[in-house]
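Mind looking over this structure? Questions follow.
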Amino acid sequence: MAQFSKEEFSFVKELPEHVEIECPVCRGILTDPHLVSCCGHNFCRSCIERVKASNGFCPMCKEKEYQAIPDKKCSRIINGLEVYCSNKEKGCEWKGELKNMSTHLNKEKREGECQYEKVKCRYEKCQERKQRRYFKDHEYRECPHRLVLCPYCRSKGTFLSITKDHYEECRQYPVTCPNKCSSTNMPRGSLTAHINECPLEPVDCVFSWAGCNDKPLRKDVHVHTADTNDSYPLLPVDVVGKVVHFYTNACGYHMSARLMRSFDEDYFVLLAFHEGKFDKFKPNFPKIFASYLNKNIPLIDNTAATYQQLPHNILNGIQWRLDTVVPEGVIKQYLVGYLYVGKYDFFSGSDIVTIYAQ
């Protein structure tokens, strides 16, 4: 029988005056009563053995020499006393012999008959203490250390580890697109594939190789690169009397050219550089030539030169007069000795100069 104090429970019937049930040492109900030969008092076996081992004197009569023997009669009397459960005030209605109290309470054990006894949660890391009757809900629905299965991938762990750590890496856990597109509740394992297709994902410009650091949304790439589909052609281009705009190459320099003739019938080509979407990328500047009647005429061969950016219409208003001054920044290259066009056939259908790059 476990050790109890008289204050822990109440007796069904009033105790007889002659019945001695309290140990003089621990003041609890006698457990395994032992009678001492010196004065006839009863002590708990563990209490009197501890006393003898320490100083040897009887706690009651101070006798040095004495014997302690089991008191079977006292034990029967005490064990047979009818008592109420020590948790009576909490609601337990049990009553029975004192010897059965230990079994009824089963102190500090998760399982037991008395549902009003406070015990510790069955899970080792949980420090919660409740009456047994409340632990069903706690252990199955509340305890952070209860064992659960991940509802998405069926991995096993404690509720705390699953919800705090596992959810952060579970490949089946539902996530939303970080770009806040319309796709929601997709498995985390599918997110990478989705990002590779997401219309709201920032992507490299198709001309990143040329130095463009812009990152348009995937759905806006065609808008961002709209200038690459400009009506202006890429070299080579054919140039006659009207101004022709072109790009030197894909993602290259925006230029314009015009073929003109002076009053003394000298032919020349005007070239102008313009501001444009791709100028800031500084692609390698190519050498530019004019071709006519299978003759190749160098127009620009200094690929390291820096050229002034000019308005788009700068070549439109130029009319040749004896005092005409070419606007600053415009490149002028004579074609004397290379090109012959009849006096009255100037800029006729066959009078075309082809400008190309190398």
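Glycine is no exception: its Cβ is also placed from the backbone N, Cα and C atoms.
Since the structure is predicted, the reported quantities are computational estimates derived from the model, not experimental observations.
Reproduced below are the annotations present in TrEMBL:
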DOMAIN    23-62  domain 'RING-type'
DOMAIN    103-156  domain 'TRAF-type'
ZN_FING   103-156  zinc finger
DOMAIN    166-212  domain 'TRAF-type'
ZN_FING   166-212  zinc finger
With helix taken as DSSP H, G or I, strand as E or B and everything else coil, how many residues of the domain 'TRAF-type' (103-156) land in each class?
14 helix, 10 strand, 30 coil
With DSSP as the reference, give the number of residues of the domain 'RING-type' (23-62) in helix, strand and coil.
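Breakdown, helix to coil: 10 helix, 9 strand, 21 coil.
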Kindly report the helix/strand/coil residue split of the zinc finger (166-212) according to DSSP, in that order.
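In the zinc finger (166-212), the DSSP-based counts are 14 helix, 5 strand, 28 coil.
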Between 0 and 100, where does the mean pLDDT of the zinc finger (103-156) sit?
92
